[in-house]
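Below is one structure, written out as structure tokens, with a few remarks after it.
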Amino acid sequence: MDYKYAPKRIEKKWQEHWEREKLFEVSEIPGREKFYLLEMFPYPSGRIHMGHVRNYSIGDVVARFLRMRGYNVLHPMGWDAFGMPAENAAIKAKTHPARWTYENIAYMRSQLKQLGFSYDWSREFATCDVSYYRWEQLFFLKMYEKGLAYKRSAYVNWCGTCLTVLANEQVEGGACWRCDQPVVQKEMEQWFFKITDYVEELLDYTHRLPGWPERVLTMQQNWIGKSLGSKLLFPLASGDGSITVFTTRADTLFGATFMSLAPEHPLVEGLCRGNPQESEVLRFVQAAKQAKRNDREAELLEKEGVFTGSCCINPVTGAKMPIYVANFVVMEYGTGAVMAVPAHDQRDFEFARKYGLPVKVVIKPADAAAAPAAQELSAAFEDDGVLVDSGAYSGMASAEARTAITADLAGKGLGEQTVQYRLRDWGISRQRYWGAPIPIVYCDKCGTVPVPEKDLPVVLPTDVALLPNGASPLPAHAPFLNTDCPRCGGPARRETDTMDTFVESSWYFARFACARYDQGPLDLPKVKYWMPVDQYIGGIEHAVLHLLYSRFFVKVLRDMGALEVDEPFRNLLTQGMVIKDGAKMSKSKGNVVDPDDMIKAYGADTVRLFCLFASPPEKDLEWSDQGVEGSFRFLSRIWRLVSDNLDALRSAPRHNGGGALPEPLEALHRKTHQTIKKVTEDIRDRFHFNTAIAAIMELVNQIYQVVEGGSRAGNIWPVVKEAVEALILLVSPMAPHIAEEIWHELGHTRSVLLEPWPEWSGKALQAEEVMLVVQVNGRLRSRITVPSDATPEQMEAAALADSRVQEFIAGKPVRKVVVVPKKIINVVV
């Protein structure tokens with residue numbers, strides 16, 4: 001065994017051993033407890049970054065730990081390979097996205113293997129593989145049959161930079177989640193998945209996921225946005241129809257003095273047609289549609305609008321209400337129409353003041369003698385209260401009035417109690433090339449026709465010329481576009497939109513259970529064995545994107561009979577970011593640390609250990625070069641501990657726990673079992689790898705103390721061997737290469753991964769005596785040793801009898817003695 005720790009020499013050796021012996025490949029073993037551990041698979045951007053290293057190191061510790069605990073662990077890896085970034089990068093590099101993607105996959109796979117992650121590579125796939133997305137196309141057809149996939153004209157989020165539509169969940173603060181450029185509203189024909197059919201189940205199950213972070217569940221609940229309220233009809237003054245409004249404040253209806261419509265509302269053009277305001281309204285509508293979405297939803301937005309020239313009727317007062325188009329009303333919420341109650345809604349209040357519209361107070365605070373006059377208001381009163389100036393409902397509390405007013409309007413056919421959701425159907429059409437083709441054709445005679453299952457897959461053509469601006473080449477690619485109608489055999493055109501890449505990531509975890517199955521998308525017996533994922537690990541930024549879509553998709557597949565679970569992920573860990581110099585690592589900030597450089601300098605085990613030790617997994621990790629060097633020094637200490645004493649360790653029998661031991665050895669024996677318990681519980685119960693590693697460091701220190709003072713304790717080596725072997729097994733999930741090498745050098749022939757996880761002895765944990773700190777008036781004055789089973793009264797008596805404590809008491813009366821058993825005693829005089 002070399003004296004010096006040299007990770008380059010040992011790491012490749014053990015990686016090749018693991019691969020040759022296929023130690024990470026698994027199959028279904030009936031009767032053996034399974035554990036499916038999965039980290040969110042990466043987009044093959046070209047190189048892994050430190051965020052990947054941290055994420056995957058966390059998962060690998062758990063996977064290795066559970067294997068050693070006897071679980072049948074599935075730990076797969078693949079590639080989220082479709083999408084705009086690959087297409088844009090390929091255009092820039094003047095190559096094809098497929099070539100760019102698969103070259104990146106090859107390099108990133110080698111990086112992951114260099115880090116020693118215990119993936120079952122036999123299950124690897126990329127979502128751009130035809131063998132994967134062919135089954136996704138089948139799911140689309142099944143959803144189309146059930147009405148869960150449909151096409152309609154809709155105002156959608158359009159990114160002019162990426163030249164494609166975005167789902168609502170992909171708009172962050174009014175900007176594109178990919179390029180951070182403004183998103184505008186554009187009317188287009190789009191394909192949707194009817195996620196709203198599952199809205200109640202999606203919401204209900206957020207209360208049945210105890211292994212998920214509360215923050216993620218709250219984000220999903222807020223995104224679903226369930227509101228109990230009233231749907232009210234406001235007849236148009238012209239008599240030509242009505243405007244439907246959703247409100248949670250029917251109690252304020254008597255104070256509604258005007259109506260606000262979203263610029264995208266379908267009635268706007270008809271309401272202004274032929275009126276003097278028509279051209280002004282249309283200009284306003286066009287400008288509002290081009291505005292940044294986040295600007296329109298901002299609290300500080302300057303409220304603007306235009307009178308349409310039409311009015312509607314307040315259904316309880318009979319008063320005419322002017323109808324405005326307003327920039328702060330959006331179609332995504334409610335019905336795109338807002339009954340404006342300026343006395344009791346701040347946005348309406350600001351709008352009314354600006355345009356000189358009437359303000360009518362109809363709610364007063366419950367503890368107020370009278371309502372304030374409208375002209376006295378400096379802001380809207382938005383709380384519940386008691387109704388005033390509201391006809392027969394005056395004097396009612398808000399909650400009571402909401403029910404009564406809605407019920408009375410329902411009797412007249414002008415209202416009903418209803419539930420409204422913020423969640424909208426998932427728009428999956430993307431006007432880009434690099435994605436899974438939608439299996440639909442259009443025939444002038446037959447209309448929209450699904451591709452027959454026997455004709456799947458619809459293969460994305462590779463012989464295309466990518467356009468410099470990123471627009472899809474498919475509409476101009478005749479061999480793909482032109483086809484025969486499956487119904488009549490006549491000429492037809494293929495759908496040229498591709499599917500949102502989040503469709504691929506909404507079911508990949510199930511495919512990992514049967515990645516090589518070619519008779520269908522999912523092999524039910526295998527999926528039944530492995531699903532659901534027991535532990536999922538990834539970033540919180542996916543809370544209302546990937547995680548919500550995956551939950552929806554699993555419920556759809558369950559109802560198709562393809563799965564037998566209700567939820568995809570039993571437990572979820574959202575790890576923090578890796579930051580440097582106070583900011584998230586990014587090329588633009590110039591603070592990126594390349595994992596390859598770190599591995600070359602320090603080895604994979606050091607990089608892994610630092611990522612695990614520097615911070616709890618749910619917190620951000622601040623990169624520190626000194627911290628990396630410290631991790632390397634620690635592994636070097638373990639190496640030297642064994643290399644310096646290898647012959648003694650090899651030849652010594654292992655301590656079996658029997659017989660009395662001198663105090664230094666008894667303390668080490670006890671420390672060994674305390675460490676086993678601590679590390680086991682920290683990994684199993686809390687994922688607190690940082691405190692587990694700290695406990696291992698303490699054990700190393702204590703082993704060194706015994707070894708360096710060995711002659712005074714007799715034959716130390718059986719107890720030291722017990723401690724060292726436990727140490728190697730405990731550190732192996734974090735630093736597997738060095739653990740394998742040392743384990744082999746100690747004379748073992750099996751891989752560490754195949755060894756059972758060490759068990760602690762309850763007897764060994766019990767010290768025959770414990771040392772207590774004794775304070776007098778809060779200051780350390782002595783230490784005493786008492787039997788481990790001493791009562792608090794016995795501990796107090798021993799402290800007061802101690803000679804050093806008596807010196808500091810010096811005859812003063814003892815006012816109080818505070819005993820913290822097995823830790824500290826404080827004497828107050």
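Along the chain as shown, residues are numbered 1 onward.
The backbone N, Cα and C atoms fix where each Cβ goes, and this holds for glycine too.
Since we're looking at a predicted model, the values are computed, not measured.
For the motif ''HIGH' region' (42-52), same-chain residues at least 6 beyond its ends with a Cβ under 8 Å from one of its own Cβ atoms are 79-81, 83, 85-86, 89, 101, 104-105, 107-108, 111-112, 126, 539, 577-578, 585, 592-596, 611, 623. Summarising the annotation, Swiss-Prot assigns motif ''HIGH' region' to 42-52.
Among residues of the same chain six or more beyond the motif ''KMSKS' region' (584-588), those with a C-beta under 8 A of the stretch's C-beta atoms are 49-51, 577-578, 623. Look at Swiss-Prot and you will find 584-588 tagged as motif ''KMSKS' region'.
Non-local contacts of LYS587 (ATP binding site) by the CB criterion (under 8 A, 6+ apart in sequence, same chain) are absent. Under the heading ATP binding site, Swiss-Prot lists LYS587, citing sequence analysis as support.
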Quiz item: What does DSSP give as the helix, strand and coil breakdown of the motif ''HIGH' region' (42-52)?
Solution: 3 helix, 0 strand, 8 coil
Exercise. Based on DSSP, name the secondary structure state of LYS587 (ATP binding site): helix, strand or coil.
Key: coil
